[in-house]
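The feature compositional bias 'Basic and acidic residues' is assigned by TrEMBL to 1104-1124. Under the heading domain 'Ig-like', TrEMBL lists 44-132, 143-233, 266-354, 359-446, 452-539, 543-630. What TrEMBL lists as domain 'Fibronectin type-III' is 647-742, 744-841, 846-948, 952-1048. Sequence annotations record features per position, and here TrEMBL assigns region 'Disordered' to 1104-1133. For 1074-1095, the entry in TrEMBL reads transmembrane segment.
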Amino acid sequence: IHLKIMMTKKTISASRAFLILFLCYMITALEVPLDCPIFLHDPPTITQQSPKDYIVDPRENIVIQCEAKGKPPPSFSWTRNGTHFDIDKDARVTVKPNSGTLVINIMNGGKAEAYEGVYQCTARNERGAAISNNIVIRSSRSPLWTKEKVEPKLVREGDPLVLHCSPPVGLPPPIIFWMDNSFQRLPQNERVSQGLNGDLYFSNVKPEDTREDYICYARFNHTQTIQQKQPISVKVFSMDSLNETISANLSDTDFYGAKPLTERRPTLLTPMGSTSNKVELRGNVLLLECIAEGLPTPVIRWIKEGGELPVNRTFFENFKKTLKIIEVSEADSGKYKCVARNPLGSTHHTITVTVKAAPYWITAPRNLVLSPGEDGTLICRANGNPKPNISWLTNGVPIAIAPEDPSRKVDGDTIIFSDVQERSSAVYQCNASNEYGYLLANAFVNVLAEPPRILTPANKLYQVIANNPALLDCAFFGSPVPEIEWFKGVKGSILRGDLYVFHDNGTLEIPVAQKDSTGTYTCVARNKLGKVQNEVHLEVKDPTMIIKQPEYKIIQRGGQVSFECTIKHDPTLIPTITWVKDNGELPDDERFIIHKDSLAIMNVTDKDDGTYTCVANTTLDSVSASAVFTVVAATPTPAIIYDRPNPPFDLELTDQLERSIQLSWIPGYDNNSPITNFVIEYEDGMHEPGVWHYQTEVRGTQTTVQLKLSPYVNYSFRVIAVNEIGRSQPSEASEQYLTKAAKPDENPSGVQGIGSEPDNLVIIWEPLKGFQSNGPGLQYKVSWRQKDVGDEWTSVIVANVSKYIVSGTPIFVPYEIKVQALNDLGYAPEPAEVIGHSGEDLPMVAPGSVQVHIVNSTLAKVHWDPVPLKTVRGHLQGYRIYYWKVQSLSKRRRRHVEKKILTFSGNKTHGMLPGLEPYSSYKLNVRVVNGKGEGPASPDKLFKTPEGVPSSPSFLKITNPTLDSLTLEWGPPTHPNGVLIAYTLKFQPINSTHELGPLVEIRIPANETSLILSNLNYSTRYKFYFYAQTSVGAGSQTTEEAVTIMDEAGILRPAVGAGKAMASRQVDIATQGWFIGLMCAVALLILILLIVCFIRRNKGGKYPVKEKEDAHADPEIQPMKEDDGTFGEYGQQ
């Protein structure tokens, strides 16, 4: 029996039987109302059950729900672990009255563990049996922490640290958090954080991490218990404090040196290794974690190889160490890379994510109600990864061993019924399962024969306002489904045409009711078992209108004001007029006087400023109009007020044609600013009521306009006047005008054909907007055929969608596609064809004949043969080269392989590899790329780069300076880029004015790492240039400067055996300290002698200075004069 019903605005009493039927049929249009008294036989339906995985609290009674409905009421039975569960034999187990719900009493000495198992409920009556899911009952567990001896942690400052939690295994798993003895959560940041496994990770420790109360807590929510691990003590020692402690206990001759903090590049604490795998189920939350150590603290970045992280579903947690993607789907499968980086370098880890899927419904079976002799189908379609297996049961028994029914035929995921009889009634179960779960759905087949019945009360009265929709109900039921027809009048003809809409639930809709729509309407329901009819009445009323609206007023304080509000209404309706101020009630003030058609305010004050609205209500409609009131101070001469124009009025529609109409109006007062133009807007009362759209615009001197119209639109128009001050309020809406329906004028735009899977074609388009439909029943004819194979067009008609999926297509083949609009009056013009492609799949073959040509020591050119286009199986996006360094030929040691990728767009057959390291072995392979991903890799190709020039020596140190020699030490280049054949040393002296002397060059064998330069000038600065050479040429040079020490004997010695390459041995004596001291002593001596002579001469005595000086000369203190005219040093006294 089928029921379809539409709610009305009023409820009218009828006989008791019809009221009961009316109430019980408010469920759905296709669902059989099981609790209606008219039906005697309906199969059971499970309405409520416990979850599949049910974890119970061991401190409370176990309640396993199973509720079902049916006629007659079903009886219930249970199985436990696949065998019958005899409830009567266990005193602790009871069943709720009129229910199948089990209650297991464990509050008085029972143990929940004794009742763990797999339970299934069966609800049965004479029409069939429905079964519940398998409900797995498990008792929550919160085991104690195992006793262990926790050793203190002694860690050097800057080192990494992991504090393991290792909580006990509970059911469900506990929630982990770290706190101290004061139950305060330990602070976490980029350096210190908790992992998904509950461990506490330190990227590097600091002295402030020292504490004795690192405590891991485990909270078991089901049992509301919290357990804690033994506190962990952490002691962080620094090198400075350790040196101070040791030096305090050492003598002055002892020596101790500890290494300072050493910065280091990141390494991963978790996960281990460079790659790992993760499997997650569709719809779940994907959590990926990377925690790194290093100094400074590394930062984490996440990327998805070959794609972008999903927008709006991606979140970063735990200071970006955890990547969280919600509602994962198969499209989220792929490789996710976390990169940990600090200033010293980086490391990464790649996690390959595979998204599997427990079964999920595509089409769940639905209850089927048939009459004897009819045909029908039950469809059970589910998807998953791997593809789920579909099996059928009838009344809880596998269909293969169930009693035979000649009316049914099982075809995979479909059961086909033909020529059913009453004995065909049963409950069918569809089970879709794979290794990750299952789905179980009950759907009954109920074979009934019932004549039509109409539930809408007889002679029901409907009242509507003209130009509004009218909905006349005809709620019905019957089996087979009755056909519904409507007539106007007792003996009128059947209603058809564009003026009416017939709904599937029997309701008759008149989209735009007019006065001539008033009358009696008859609904007739008939099927092969009978016919029934019912009459309802429709009255169409005139709309309520405000013909004299309140106007904008400016009044001086102490004056009075009056707002008019004159209405016109249907004489059979009683209106009420209400005044409001600023959308609230009027003030309770005797100065406000309300008349029948006006509002007066006496002795106005500043508080009376505001917007006053007149609201006219009837039982069917409501209209309102507002005016702004401004109170001003008295002025001797009122100033000219410039304002927006008043709204136009008296809108009139004339020359009414199918696609055009003439609109005229009277302009409102311009408020001292001439009207420059009028804006015309329209409302589509059928498709978008209450939404106004721009139609056109005319000059301010024009008051009539011819408007173009679209079919099947219920037009209303309004006009807005514009002047230099602004826009007026919109005019009152014109009367409504419904244009006739017509075939669509246009087809959907944006038609595309793309594949979301290798075996489908997804056709999408931009749907037409409401007024573009041109008539009722807008649908789309979607057509497709494989291109260039001569197939006929395949077509399907759909409605209310903008996408259609064609399944079972070959991989990536072109299709011709077209989408045509149609409605109840016909088709739009023939649409243009577009070319689309079915879904892509990964390419099948790898590029062949891969060749590498070496351009120079850092650049190579790669050639390959393109793959056949038919093997690409998608849009060719290009070719991708993976290349990596195997080893350096000079160092002869392997290194960590870090693959690099270069992508060449289009159908390229060659590409350049820049940035190679000289004198190294490389491998590469080439893959073709389409929109789905990469194809297989070509065999790895080995190639070697030639020698290049070396980098500069790793260091150059000058040590052991003497009077005439310096010792040079150096390290080989970090990147020799070939076989070193020699080193070249160049040097030259630098004098005090920074002038450079002659350049000396020495060639040194490649196996040497030090050199002693002899026969140099003492106390002289030299500049050195040093570089390495390969057979290709010289590398980058490094420079240093050094000075020989000063002659300690104080005697200038001639240079001997300096060699040809040495600079001449010259010293600027004027800059030497000993020379300056000598000159000061001589000057002082002469000054003393002059003073003595001056004193003696003044006494009159004679003192031959020269004679006395010669007589008493001390040969040891006489200044020596060198050949070059400079004074030597004094000898030591």
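Please read every residue number as a count from 1 along the shown chain.
Even glycines carry a Cβ here, placed using N, Cα and C.
Automatic prediction, not curation, is the source of TrEMBL annotations.
When Cβ distances are compared across the two stretches, the domain 'Ig-like' (359-446) makes contact with the domain 'Ig-like' (452-539), since 3 or more pairs at least 6 residues apart fall below 8 angstroms. Of the candidate ranges 266-354, 452-539, 543-630, 952-1048, 452-539 has the most C-beta pairs within less than 8 angstroms of the domain 'Fibronectin type-III' (744-841). Below 8 A, the CB atoms of the domain 'Ig-like' (266-354) and the domain 'Ig-like' (143-233) form 3+ pairs separated by six or more positions in the chain.
Here the domain 'Ig-like' (266-354) is broken down by DSSP into helix, strand and coil counts: 3 helix, 55 strand, 31 coil. Residue counts for the domain 'Fibronectin type-III' (744-841) under DSSP, split into helix (H, G, I), strand (E, B) and coil, are 4 helix, 47 strand, 47 coil. The helix, strand and coil residue counts that DSSP assigns across the domain 'Ig-like' (143-233) are 3 helix, 36 strand, 52 coil.
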